[in-house]
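Chemist: Structure incoming, see below.
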Amino acid sequence: GPLRVRTSKMALPAALLRAAALRCRLPLASVGRRHLAAEAFVRDRPHVNVGTIGHVDHGKTTLTAAITKVLSESGGARFQRYEDIDKAPEERARGITINAAHVEYSTARRHYAHTDCPGHADYVKNMITGTAPLDGCILVVAATDGQMPQTREHLLLARQVGVRHVVVYVNKADAVSDAELLPLVELELRELLAEMGYDAERTPVVVGSALCALQDRDPTLGRDSVLQLLEAIDTHIPLPHRDVQRPFLLPIEGVHSIPGRGTVVTGTVERGAVSKGDECELRGYGRVLKAVVTGLETFHKSLPRAEAGDNVGALLRGLRREDVRRGMVMGQPGALRDHRKLQAQVYVLSAQ
């Protein structure tokens, strides 16, 4: 049967950064309470992967929480507080996001998996890992600061890993003493977008305050701006093409064990589809393993079939926890090949 999965933040070592333009995958789920999912995932609208990027302390996690709060009013999300998203003790103590976190929500048109990426320069490798699977991203910029070092760096990295569509949220508008500064911030950001190769004229820029939305203050800057942002995401970020016809492939990012049940691997399905009961093959580190998928789950919900773009935990029979390592791949039997040569794009982190 399906397993119970809860989202969590996980440390992502640099060794996880994979080739093919750093198209890494984020460990989106870890095994939590060990019983069956009470709810089935309903695939009733297109699935899109998005995320928040931007400079440290510009409000990415606050905006993520605000989105879930606003959508919870219409049943489109489960409200997750800031503290629910920034779970790690060090993150709470320092007030910054270190590892990418993951939430889900739905608008009237789409289902979203949302990655909240860290903004601090020390954790840029985690930001790269969180951004690579995205179909589009939300660039969060504090109106009080304007463009900052990680604003530029995150936008550049997003472009390099293949994120082609961006929506801008100018946050903390309630804290600006002179409202005439807001158009200048927007102008500066459009110049940056053009410099990085994005369509500066057509990129939506929404001005608001995520904190106002969380605290039910100033509906125009708060709740209304979040709804405006969601509308911009719905319309500006196109539906991605999902490669569901080719053989199933899932890069493994997390490995867990449920005593008496089996081994769980987590990751984002890169192509194809897999169903409960399917046989699969795992390769990597010189090993070839066989297993059977006995359960699939996403965001606390069981699903009979996972498709390209889905963030899943798969329960496997026939494997021990110590047999599988992060960095291996799972796929359709006979469809995987080992390679010794690759092309990679390398981003060298500097002390600055």
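Heads up, the Cβ atoms here are built off N, Cα and C, so glycines get one too.
Feature annotation from Swiss-Prot assigns domain 'tr-type G' to 45-241; the stated evidence is sequence analysis. Residues or ranges marked as region 'G1' by Swiss-Prot: 54-61. Sequence annotations record features per position, and here Swiss-Prot assigns GTP binding site to D57, G59, K60, T61, T62, N171, D174, S209, A210, L211. Summarising the annotation, Swiss-Prot assigns Mg(2+) binding site to T61. Residues or ranges marked as region 'G2' by Swiss-Prot: 95-99. Annotation source Swiss-Prot lists region 'G3' at 116-119, citing sequence analysis. Residues or ranges marked as region 'G4' by Swiss-Prot: 171-174.
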Chemist: What is the interatomic distance between the Cα atoms of A210 (GTP binding site) and the residue listed as 'Mg(2+) binding site', given in whole Å?
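Modeler: Between the Cα atoms of A210 (GTP binding site) and the residue listed as 'Mg(2+) binding site', the distance comes to 9 Å.
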Chemist: GTP site residues D57, G59, K60, T61, T62, N171, D174, S209, A210, L211: biggest Cα-Cα distance, Å?
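Modeler: Max Cα-Cα spread across the GTP binders: 17 Å.
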Chemist: Of T61, T62, the binding-site residues given in the record, which has the fewest other CB atoms within 10 A of its CB?
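Modeler: The binding-site residues T61, T62 were compared, and T62 has the fewest Cβ atoms within 10 Å.
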Chemist: Report, in whole Å, the straight Cα-to-Cα distance of D174 (GTP binding site) from T61 (Mg(2+) binding site).
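Modeler: So the Cα of D174 (GTP binding site) lies 17 Å away from that of T61 (Mg(2+) binding site).
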Chemist: How do the residues of the region 'G4' (171-174) split into helix, strand and coil according to DSSP?
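Modeler: Reading the DSSP string over the region 'G4' (171-174) gives 2 helix, 1 strand, 1 coil.
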Chemist: Long-range neighbours only, meaning 6 or more apart in sequence with Cβ under 8 Å: which ones does D174 (GTP binding site) have?
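Modeler: Looking at Cβ-Cβ distances below 8 Å from D174 (GTP binding site), excluding near sequence neighbours, one finds S209, L211, C212, R217, D218, L221.
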